[in-house]
Amino acid sequence: MKLTCMMIVAVLFLTAWTFATADDSGNGLENLFSNAHHQMKNPEASKLNKRWCKQSGEMCNLLDQNCCDGYCIVFVCT
């Protein structure tokens, strides 16, 4: 029981410490929400819509599998 209480207090303390010492230069949360709202209003500005994929026959990355339509086999999109 004591160990459980100590663990709860420790977690609460560490959480409070993290929020108290977090670097919030330039009001990061406000900028984050502002950018997300702008991207919802203008989907073309969204970074998520920029797809950097390779066409068939182009060199590709085996780890990222960055081919548009097929698979990356021996560093070439199929």
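A Cβ is built for glycine as well, from the same backbone N, Cα and C atoms used for every other residue.
Owing to the predicted nature of the structure, the values given are computational and were not obtained by experimental measurement.
What Swiss-Prot records for CYS53-CYS68 (among others) is disulfide bond. A 10 Å cutoff on Cβ-Cβ distances gives CYS68 (disulfide bond) a total of 13 other Cβ atoms nearby, all chains included.
Positions annotated as disulfide bond by Swiss-Prot, on the basis of similarity to another entry: CYS60-CYS72 (among others). DSSP assigns CYS60 (disulfide bond) to coil in the three-state reduction, placing it in neither a helix nor a strand.
Listed in sequence order, CYS53, LYS54, SER56, CYS60, CYS77, THR78 are the same-chain residues six or more apart from CYS67 (disulfide bond) with CB atoms under 8 A from its CB. Swiss-Prot lists CYS67-CYS77 (among others) with the feature disulfide bond.
Residues or ranges marked as signal peptide in Swiss-Prot (evidence: sequence analysis): 1-22.
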(Q) These are the disulfide-bonded residues: CYS60, CYS72, CYS77. Which one scores highest on other Cβ atoms within 10 Å? (A) CYS60
Q) Tell me, by DSSP, whether CYS72 (disulfide bond) is helix, strand or coil? A) strand
